[in-house]
Amino acid sequence: MSKENSDEKNKQLDQFRVKDEGEALTTNQGLKMAEDEFSLKAGERGPTLLEDFHFREKMTHFDHERIPERVVHARGFAAHGEFEVYESLAPYTKAKFLNEPGKKTPVFVRFSTVAGSRGSGDLARDVRGFATKFYTEEGNYDLVGNNMPVFFIQDGIKFPDFIHAVKPEPHNEIPQAQSAHDTFWDFVANNQETAHMVMWHMSDRAIPRSFRMMEGFGVHTYRLVNEKGQAFFVKFHWKPVLGVHSVVWDEAQKLSGKDPDFHRRDLYEAIENGDYPVYELGLQIINEEDEFKFDFDILDATKLWPEEDVPVRLVGRMTLNQNVDNYFAETEQVAFHPGHVVPGIDFSNDPLLQTRLFSYTDTQLIRLGGPNFHELPINKSVPEVHNNQRDGYGRQAINTSYVSYHKNSLAENTPRPVSEGEGGYSHYQEKVEGRKVRARSESFKDHFTQAILFWNSMSDVEKQHIVNAFSFELGKCKEVSVREQVLEMFSNVSHELVSAIAENIGLSVPGKKEITYTKSSPALSQENTTKKTDTRKVAVIAADDYPEGLSEMMDELKEAGINAEVVSDHQGTIKGSDNTVLPVAHTLMTADSVLFDAVLLASENGKTPLFSFEAPYFVKEALLHYKPIGAIKAGASILEDLQISGQSGVVIDDSQQFIEAVRKARFWNRDGKN
Ligand code: HDE
């Protein structure tokens with residue numbers, strides 16, 4: 001376990017860390033026990049006795065081990081790290097953790113899928129949660145975001161409906177962790193504010209290559225407030241330095257079987273290997289007086305602010321450098337809340353955000369069993385907590401004063417509220433007036449323009465993937481009427497899109513409805529993302545007697561930051577014709593092409609029956625998934641047997657070109673489906 005951080009939060013957590021290795025076994029009362037394998041019985045073959053306090057305690061605790069999983073975002077994985085701000089953001093916010101250049105703040109980040117239950121697979125087509133807890137000196141600040149910048153609905157009162165629709169259908173609890181079913185698409189067609197987000201959901205963003213290679217978005221418009229009380233509208237972004245990358249759908253489906261933990265394993269191993277994921281924090285800022293200058297309402301969470309119009313200013317970086325010690329204590333018990341803010345950060349009237357401000361504490365109360373969840377080590381703020389809240393299940397604090405009310409004279413009115421000057425949080429005094437109405441603003445009613453913007457911004461390959469995703473998902477809907485309604489709805493986005501889908505799902509093409517909107521936002525296309533070789537995984541398929549030069553090539557790959565791992569027909573080591581020895585990381589039985597970014601062939605076919613069967617299969621899969629394929633010397637014979645030596649992204653005996661191919665990651669101009 002890497003222990004890079006000796007920050008205030010880690011020092012606090014150290015008080016709770018328990019090392020059991022080497023210790024005597026005790027009961028929960030600290031009593032050492034002489035026996036832990038046999039319950040106490042009346043005679044060796046007799047009944048177990050009620051007197052057996054050790055058995056009762058052990059079994060009772062086990063019987064109560066489970067807590068309810070999160071109602072959404074149940075499957076998650078988290079890590080510790082630190083955030084460092086580049087420059088003082090005092091002109092915009094008085095938040096202390098953003099005010100001093102170079103200031104570091106401990107963080108805890110939990111990534112998640114939304115729809116699946118806790119044991120579901122990582123590669124579901126889904127939105128990913130990206131929740132960050134900053135343990136600041138002014139208290140916890142939670143940025144509870146997703147990997148997509150918009151959301152399905154505009155008002156949180158519809159959230160239970162939306163989640164009911166996307167979760168497994170209630171009569172038979174099928175399908176798990178999938179949106180490819182009737183109720184989800186029925187909801188979409190009958191709630192057309194979903195249009196923009198559904199475009200993201202059908203895009204490659206919904207099947208990330210890694211948590212380390214996806215963006216994060218605060219989604220809502222928040223407010224920054226400076227010392228002078230001036231406020232600015234803000235959207236938060238996380239930008240991964242490795243760029244934004246995805247897998248292809250066929251790969252995602254296969255990964256769900258080959259390694260359902262693909263994303264959590266990837267993050268865990270990267271941190272263990274010292275390949276710390278880094279994300280830059282970006283801010284988009286709009287001055288208050290510019291609130292109405294856009295062709296969308298900035299309070300509408302189904303709209304993004306195109307980066308070309310409102311540039312993203314990079315203001316700091318977050319490095320994840322420490323895995324958790326205990327999944328349950330940390331990852332499962334962490335409680336995020338968009339309402340956990342610090343002075344200098346405030347809310348907007350986005351109706352989705354407003355309702356979230358209620359939901360998170362409410363859900364923690366049932367999930368974590370009462371109102372004291374803030375005392376759990378992972379949730380404890382660095383500053384001490386002082387107020388008049390008392391008691392409740394599992395209370396940890398021993399408040400020593402007999403005064404637990406405000407105002408008082410017996411404790412000189414303490415704990416006392418403090419002024420803003422002394423760090424007291426005070427809400428931004430926005431002027432609000434209006435009638436009490438259940439209504440939605442007219443300015444929220446355009447559901448299609450930004451869905452078109454998204455479509456316009458995609459490369460041809462990305463468009464094809466979106467067509468394929470719609471065709472897959474609608475193809476899984478049993479009700480033809482649902483398919484028809486969805487097609488009808490998306491004809492408002494693109495005739496090209498619905499025509500292609502219609503053909504795939506056997507429906508006639510709806511009439512043209514889309515408005516003419518030609519704007520695009522290049523920042524939305526993954527085609528324009530950063531491409532690096534760092535931490536890319538290459539499977540080196542080799543057997544004994546591998547050709548001279550392989551170990552040198554592996555060194556070159558390592559120098560380029562690539563993790564090359566030998567896959568062979570047996571475990572242990574293999575010996576080359578040049579007498580070098582390489583450790584075998586996986587066998588052809590345990591590894592599979594979908595677990596790697598590229599494949600390098602270093603031995604000829606026919607080495608062993610396993611090799612002859614699996615190695616060509618490995619290559620065919622890599623080919624189908626547009627991945628780089630390399631070969632050195634005898635390894636090229638496998639490519640010749642398969643007649644693929646001439647395909648793009650296939651490199652023979654050229655390490656530098658192979659490294660460049662790994663950087664490029666995918667070669668879309670191959671035959672076969674996208
Ligand atoms: Fe959440 N969401 N959400 N959500 N959300 C929860 O809180 C909710 C929304 C997000 O890793 C729950 O502790 C409502 C948008 C993340 O622990 C719950 C609405 C965004 C996580 C809840 C939304 C998110 C949650 C379930 C509509 C992106 C996981 C468990 C207004 C900006 C946090 C929990 C973690 C979790 C409610 C919509 C992000 C029920 C009512 C939009 C990353 O409180």
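Using the three backbone atoms N, Cα and C, a Cβ is placed for every residue, glycine included.
These come from TrEMBL:
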ACT_SITE  His73  active site
ACT_SITE  Asn146  active site
BINDING   Arg70, Arg110, Phe159, Arg356, Tyr360, Arg367  heme binding site
COMPBIAS  1-22  compositional bias 'Basic and acidic residues'
DOMAIN    26-414  domain 'Catalase core'
REGION    1-24  region 'Disordered'
REGION    409-429  region 'Disordered'
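Overlay of TrEMBL feature records on the structure.
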residue: Arg70; record: heme binding site; Cβ contacts under 8 Å, 6 or more apart: Gly76, Ser112, Arg118, Thr363, Arg367
residue: His73; record: active site; Cβ contacts under 8 Å, 6 or more apart: Ser112, Thr113, Val114, Gly129, Ala131
residue: Arg110; record: heme binding site; Cβ contacts under 8 Å, 6 or more apart: Gly76, Phe77, Ala78, Gly129, Ala131, Thr331, Val334, Phe336
residue: Asn146; record: active site; Cβ contacts under 8 Å, 6 or more apart: Val127, Arg128, Gly129, Phe130, Gly216, Phe217, Val219
residue: Phe159; record: heme binding site; Cβ contacts under 8 Å, 6 or more apart: Ile153, Thr355, Ser359
residue: Arg356; record: heme binding site; Cβ contacts under 8 Å, 6 or more apart: Val144, Gly156, His220, Pro338, Gly339
residue: Tyr360; record: heme binding site; Cβ contacts under 8 Å, 6 or more apart: Val144, Ala335, Phe336, His337, Pro338, Gly339
Where the record names Arg70, Arg110, Phe159, Arg356, Tyr360, Arg367 as binding heme, the maximum Cα to Cα distance in Å: 21
Summary of DSSP states over the region 'Disordered' (409-429), given as helix, strand and coil counts: 3 helix, 0 strand, 18 coil
Conformational class of His73 (active site) under the three-state DSSP mapping: coil
Reported mean pLDDT - the domain 'Catalase core' (26-414): 98
Local Cβ density at Arg367 (heme binding site) - other Cβ atoms counted within 10 Å: 16
Three-state secondary structure, which DSSP defines for Asn146 (active site): strand
